[in-house]
């Protein structure tokens, strides 16, 4: 019986079919061993019986045994679900009412500390009806935008200048009595100049009347010489002005011709690229009567020798003629280019 109590925990590992028979064998084996070897050494018998019991208890289970449930690990959630203290805390947490700040004791102490009163606040917030209406009109953005849109168009600069002059004339100057303005000073200066002219003319007439005939002849010769000198200088200045104007015209014509030729060369390059892409036999049917291909003279390179100063007017005229011929793709380009090389680059 003692053996049954000791090995009761190992019976669950035995097969369900022969569990009773095996238990009887386990219970009967020690008695048989004890009877057989009662007279001899009992230690080997006990050892052999213990080995038999262990082999019966720890032998592998058969495939016919029903599967047992899988072992589930114990997690924190499973522990908290069965905890009474945790359930009591979480169940009562949602039932707590929020704190009303206005009716709290802290709010009353706060108001007392700030020394606020509803009467003073209301008095400060009250506005006069007229002030409120004026403020509303000032803050009316719609009326402001509409008024800006409906305004008259902008004045020109001349109109603004005229209005400023009218305002200057209409506005009284408080310092008129004390200090004269710039216009008054100018008028005074003009009056003084007129008086000086009159006095000089009168004095000059008196001085001429006092001169003798010989002195008058000398004065006349001096005046004629001065007139001749001034006339020659005037003619020279007019001729110089004409030369400068002509030089400017030549330079402008040269620049315009150069720009036109450059644009023509760009167009020619684009058309040449387009013609290369086209694969048709229209070139044989559409022959031109010209003796050269179109654009032959347009890409002519004009030799130029850089000098210390700018090119002269004659050089610019020759270059302008060559550029015009290049623009028109004329056959005169070789002859003009030859004349330019012989006369300008390599003069004899």
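Every residue, even glycine, has its Cβ placed from backbone N, Cα and C.
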| task | Among 265-296, 297-328, find the range that Swiss-Prot records as region 'Disordered'. | result | 265-296
| Surrounding CB atoms that lie within 10 Å of the CB of residue 190 (phosphoserine), all protein chains | 10
| message | Can you tell me whether DSSP puts residue 190 (phosphoserine) in helix, strand or coil? | response | helix
